[in-house]
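Enquirer: Below is one structure. I have some questions about it.
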């Protein structure tokens, strides 16, 4: 396989990942059109790929300067260098995030000369040396101070060929970059990747056509590489997505891109599924559909089962949906109206621990394309009503072990 790769991840000038050193240095600030709904004054965030000046200059020469390659098969050889049992378990859990959602299988092979190498180093630098397969040992450095499952998954995404979402050539339709607040040494991490390709002499790139997803694992959060964390570096055109960016979860479309590249025919002739709503036969089990979050059933036509959600039909009168009690519940609701109508809704109340990338949140999927991550609210909620693009919305509630609550007002709009 030598087809040129994807449009969802890494900067060409190498970078590091670290736990934010200034998580409590800036209070939550006001944003026009949004209302604060946080239960704390200080937002928490981890900084995906905080630039290390030393690492950038040391490794710049190693950036791939030719065609970007896929791996030869869905079996990816890997090695782990250094670290104790806990570190090695962490690496395997990060890898498993890809295996659980895709056909990829990572095979540990200490003898392979063409493999991903996960290397433990002291410090707060985590980075990938190449985008896509380079045809030799490909090091992913995991610093002891930034070793997290999602960091491993994010950096592995780079090795699989992903660019950052916010570096897509169409990104200006979805986000704005506040250049005056971007650290000078991080500039390359915010350039559109076509500019980076030209700078490094890479000419052949064939982007996979997937819509822009604020909830991609490969998207920086709003204050990434900020000179001052009291201001954003990445501003979504739709401000209600401001805390959706920077998630620690894999998005439905992240996995789909990989499955389209490495195993597009895995279930061909093995099933007669008619998957709806952008779902597709699961390459890990061809008897079921892999569905966007919120949908389930044999063909993605039903609501994803949960002990606390359900189907709700909106009327012409305002109704209210309130979150159930409990810190560990996971709830899915579908609010629908007849074809030709829309759902008008607004988060009327709520309280969550604030974090960029929302670890505890209520998510509302109101777009026509239900594959896209909805807007996740944990720090802010829109002050005005929102109207759905179709005759349904999905409400997803994940407190994730934290104290949280929300109320949603909704009604039918003809």
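The backbone N, Cα and C atoms fix where each Cβ goes, and this holds for glycine too.
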Enquirer: Do you know which of 164, 166 Swiss-Prot groups with 154, 158 in the Zn(2+) site?
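Expert: When Swiss-Prot describes the Zn(2+) site, the candidate it includes is 164.
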Enquirer: Can you tell me how the residues of the domain 'CUB' (308-414) break down into helix, strand and coil by DSSP?
Expert: 0 helix, 55 strand, 52 coil
Enquirer: Counting other Cβ atoms within 10 Å, pick out the least crowded of the disulfide-bonded residues 103, 263, 300, 378.
Expert: 263
Enquirer: In whole Å, note down how far the CA of residue 331 (disulfide bond) lies from the CA of residue 103 (disulfide bond).
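Expert: Per the Cα atoms, residue 103 (disulfide bond) and residue 331 (disulfide bond) stand 28 Å apart.
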Enquirer: If you count other Cβ atoms within 10 Å of each one's Cβ, which of the disulfide-bonded residues 146, 286, 289, 331, 358 has the most?
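Expert: Counting Cβ neighbours within 10 Å, the top one is 358.
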